[in-house]
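> According to Swiss-Prot:
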| type | residues | note |
| --- | --- | --- |
| ACT_SITE | CYS380 | active site, S-methylcysteine intermediate |
| BINDING | CYS142, CYS146, CYS149 | [4Fe-4S] cluster binding site |
| BINDING | GLY206, GLU207, SER238, SER260, LEU261, HIS262, ASN337 | S-adenosyl-L-methionine binding site |
| DISULFID | CYS135-CYS380 | disulfide bond |
| DOMAIN | 128-369 | domain 'Radical SAM core' |
Amino acid sequence: MTLTIDTSTPESRALLRPDPTVEKKPLIGLSREEMAQALASIGVPERQVNMRVRQLWHWLYVRGVSDFSRMFNISKELRAKLDEHFTIARPEIVEEQISQDGTRKWLLRFPPRGAGRPVEVETVYIPEEDRGTLCISSQVGCTLTCSFCHTGTQKMVRNLTAGEILDQLLIARDRLGDFPDADTPDGAIVPAEGRKITNIVMMGMGEPLYNFENVKQALLVASDGDGLSLSKRRITLSTSGVVPEIYRTGEEIGIMLAISLHAVRDELRNELVPINKKYPLKDLLDACRAYPGLSNARRITFEYVMLKGVNDSLDDARELVRLLKGIPAKINLIPFNPWPGSAYECSDWEQIEKFAELVNRAGYASPIRTPRGRDILAACGQLKSASERMKKTERLKLEAMMIAGHGD
């Protein structure tokens with residue numbers, strides 16, 4: 001039986017066009033296996049699939065293209081078919097702010113994916129002479145409500161997909177001229193030589209281990225040697241202490257680990273970092289001691305925000321040293337970054353230095369983090385997107401969808 005398709009009239013031809021209201025499937029963030037399945041689904045011959053995956057991977061993650069028409073070694077016919085079914089477009093940049101110290105913050109807008117309206121996240125680039133660090137978000141909002149953190153005052157909206165996590169890296173490389181044949185913007189502060197983005201830290205909005213599968217997939221793509229090729233030793237994931245997923249992070253991703261510690265006694269940490277009520281200090285530190293590959297060259301970073309009169313006494317410093325005994329560690333002391341409505345103050349500089357000296361004498365590196373991007377609310381603990389303005393009815397609708405298993 002032969003099927004004949006009528007293309008003689010504009011109306012019949014219109015029926016063959018893709019429905020513009022149907023979202024195209026993003027290719028960014030797919031694993032090689034998923035990309036192969038996607039290509040097979042649109043009729044790419046089986047014998048060609050692996051070759052086409054290699055070509056796409058190179059164009060997306062080595063060359064950094066965001067338009068199928070630029071993939072010159074792929075036939076025009078296949079490029080048209082890819083464009084019909086898939087998207088590799090970058091998210092919208094709503095705003096770009098540049099701090100006096102060269103720190104850059106981008107507000108990015110992503111599709112609703114069940115949230116009722118588009119959502120926004122913030123991504124921050126911190127340049128130094130010998131490195132450029134990109135701080136990436138994993139969620140829109142956060143569930144943890146840490147009392148000193150601005151992001152924690154924004155209710156959870158949704159998880160980011162693996163592609164949306166990677167999009168933040170791709171956007172930053174676009175804007176900094178970090179792909180081949182691209183130009184660095186005039187006046188941009190970037191490392192003296194080599195890559196503009198040398199390190200990424202999962203320290204933006206959200207708790208990455210509450211979005212484990214998407215974060216895992218994004219970081220495995222980012223560290224793939226045939227693409228973006230970031231060393232796993234230059235990727236750090238920061239968690240407030242989701243203990244079961246700390247074990248999984250070490251086994252399944254193998255990147256560097258940072259712990260948002262901030263207190264040395266359960267009573268205070270319960271207040272500052274409420275997840276401590278579920279995973280107290282002993283359980284958290286046991287997971288740290290078991291993290292694979294620990295050595296003096298591969299240490300866990302413990303982040304400790306300095307809050308005046310709250311957690312900054314020398315007794316706190318001594319207890320910190322005692323708690324971390326036997327863990328190859330570095331302790332980042334973070335001067336508290338103020339934000340509107342916060343109930344805390346930053347410790348006096350003299351007290352921070354005394355705290356650091358005591359910890360350092362015990363054998364732990366204890367750098368005091370230089371505040372970056374404070375003037376554009378891009379510093380640690382200051383990120384909060386405009387998605388917080390989502391109407392209550394829209395948020396409740398999203399929460400119902402997530403409970404039902406339809407949200408991302």
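Cβ from N, Cα, C; glycine included.
From a predicted model like this one, the values you see are computed outputs, not experimental measurements.
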> Roughly how many Å separate the Cα of SER260 (S-adenosyl-L-methionine binding site) from that of CYS135 (disulfide bond), to the nearest whole number?
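Between the alpha carbons of SER260 (S-adenosyl-L-methionine binding site) and CYS135 (disulfide bond) there are 15 Å.
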> Counting across all protein chains present, how many other Cβ atoms fall within 10 Å of the Cβ of CYS135 (disulfide bond)?
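If we count other Cβ atoms within 10 Å of CYS135 (disulfide bond), we arrive at 27.
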> To the nearest whole angstrom, state the Cα distance for the pair LEU261 (S-adenosyl-L-methionine binding site) and CYS142 ([4Fe-4S] cluster binding site).
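A Cα-Cα distance of 17 Å.
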> Find the average pLDDT over the domain 'Radical SAM core' (128-369) in the predicted model and report it.
93
> Widest Cα span across the S-adenosyl-L-methionine binders GLY206, GLU207, SER238, SER260, LEU261, HIS262, ASN337, in Å?
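The span, Cα to Cα at its widest, is 19 Å.
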> How big is the gap, in Å, between the Cα of GLY206 (S-adenosyl-L-methionine binding site) and that of CYS142 ([4Fe-4S] cluster binding site), rounded to a whole number?
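With the alpha carbons as reference points, the distance is 4 Å.
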> Under DSSP, is CYS142 ([4Fe-4S] cluster binding site) helix, strand or coil?
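Where CYS142 ([4Fe-4S] cluster binding site) sits, the three-state DSSP reduction gives coil.
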> According to DSSP, folded down to helix, strand and coil, what is GLY206 (S-adenosyl-L-methionine binding site)?
coil
> Please report the Cα separation of GLU207 (S-adenosyl-L-methionine binding site) and CYS142 ([4Fe-4S] cluster binding site) in Å, rounded to an integer.
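Each residue's Cα considered, GLU207 (S-adenosyl-L-methionine binding site) and CYS142 ([4Fe-4S] cluster binding site) end up 7 Å apart.
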> Could you state the CA-to-CA distance between CYS142 ([4Fe-4S] cluster binding site) and SER238 (S-adenosyl-L-methionine binding site) to the nearest Å?
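One finds 14 Å between the Cα atoms of these residues.
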> Round to the nearest Å and give the CA-to-CA distance linking CYS135 (disulfide bond) with SER238 (S-adenosyl-L-methionine binding site).
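With distance taken Cα to Cα, SER238 (S-adenosyl-L-methionine binding site) is 10 Å from CYS135 (disulfide bond).
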